[in-house]
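J.: Handing you this structure, nothing more for now.
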Amino acid sequence: MIQLPFIQRLKWEEYMALFLGFFFVIFEKLLSCLAFMIHNTLGLFYRSVVRNEIKKRSKKRSRSRSVSLQRAKAIHDAADIREMCKISGYYVEDHLVRTEDDYILCIHRISKDSPGRIGSPHPKKLPVVYCHHGLLMNSEVWVCNVDPRNCLVFDLVNKGYDVWLGNNRGNKYSRQHLRFDSTDKEFWDFSIDDFAQYDIPDTIDYILKTSGQTKLTYIGFSQGTAQAFASLSIHPLLNDKINSLIALAPAISPKGLHNRVVDAFVKARPSILFFLFGRKSILPSAGFWQSFLAPKFFDAVLAYCLSQLFNWSCQNISSYQRLVSFAHLYSYTSVKCLVHWFQIMRSAEFRMYDNDQLGHDYFLKYYKAAKFPTNNIRTPIYLIWGGSDSLVDIQAMLNALPAEVEHVKVDSYEHLDMIWADTVKDYVIPPVLRRLRDIHHPPEHEENDKENREIQKNHIAPRNKPI
């Protein structure tokens, strides 16, 4: 028999969460229908206004500023990662990974060579670096920097590393399954457990086999770090295939959200959240809103949401970079995955997904979902985290990880600053390169980077201006 959340005993916060969530879903549906009816006329008007505004501003800017503006617009309008990389003179090889449970993941190999050369394995056997994105994202977030000097991926390619970008099941590049269609409920029946059990280890095995290497360096951002922690904790042999885990804005057990009402909503029982959002993709209309709204308005809406949910100001990210980044920020994932994160916030522990069949807090003293045994990880871990990041509880993270973890704090950085701030080239890329040099012999033709010598363990020395 199906249990409906409104006939269960709920706390008053959960009744409020149910009411607000129901109101939000209905309001968003009505607004979507209205917007769809006027999309062809008003949407085109919005975009023409923005284009004219960009043209006017570009005439008033200096030549260098105008080039940045044109580059920002080109990246903003790029349809996929291949177009985005081509703007900066890089090329993309697409590779398909079949997971053990039959999802087809599209991953990308970034190169400065022409697309005609598909060198697998690479004749020089370059050190392999595998980068993985965060929640509700895809591989594009790594290459949408307006200033290419702030792009970690491009810098690694320039330094002679064999760079691969992963994608989670369900996102823009990984919506295929051998038995299910993306419109099927079964396709979206996955959580962080499945990323850890299948996506990460199967992708790593493919990359190592294709590159001819026995080990790689894993660089994760946000949920990409949590997936690695979880996967390494439940796959002991995977630890022998990763020489170092570099975690940018690492996430294991966020404290919660800045807005108390929304925080109560997200910590509600899964039955409530599934009742409101269904059991497929979370907010499938987000792509429509992005295409409908003027870029500046879409940027303002997202900035407001980030401020309300996480208390982020995005002060370290330029206005151009924010417009570009937000255009490539969202990608699909399952409602179940988001529910899993809400369960982690609710328990304040990095646990496996809980189906919540028992339904009441009373039973929690008899039953809890298993914790990921992250203390068992043998791979060397290097954390780079922001002092103003509301999603990072560094002490809780250090308690959950092995004692040998090294970490670097960037004082004023928020979560998204780790990949998009104007000073990534000063405060993120140098410690990453230093860590890689500690692991590998310098690749052929690598230039000395004086910046790395200014990096000290657990500290980054400011250059010219404080962080």
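Here, residue 1 is simply the first one shown, and the rest follow in order.
Cβ atoms are placed via backbone N, Cα and C, with glycine included.
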J.: From S58, S62, S66, S174, pick the one Swiss-Prot annotates as phosphoserine?
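T.: S66, according to Swiss-Prot.
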J.: In whole Å, note down how far the CA of N316 (N-linked glycosylation site) lies from the CA of H415 (active site, charge relay system).
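T.: Distance (Cα to Cα, whole Å): 11 Å.
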J.: Pull out the recorded positions from the set S222, N311, N316 whose C-alpha sits within 10 Å of the C-alpha of D389 (active site, charge relay system).
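T.: Final answer, ordered: N311.
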J.: List, in sequence order, the same-chain residues at least six positions removed whose CB sits under 8 Å from that of S222 (active site, nucleophile)?
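T.: Correct list: H133, G134, L135, M137, L248, A249, P250, A251, L391, H415.
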J.: Quick one: mean pLDDT on the domain 'AB hydrolase-1' (127-421)?
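T.: It averages 91.
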J.: Does N316 (N-linked glycosylation site) have same-chain partners at least 6 apart in sequence with Cβ under 8 Å from its own Cβ, and which are they?
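T.: The list for N316 (N-linked glycosylation site) reads S412, Y413, E414, D417, A421, D422, T423, given in order along the sequence.
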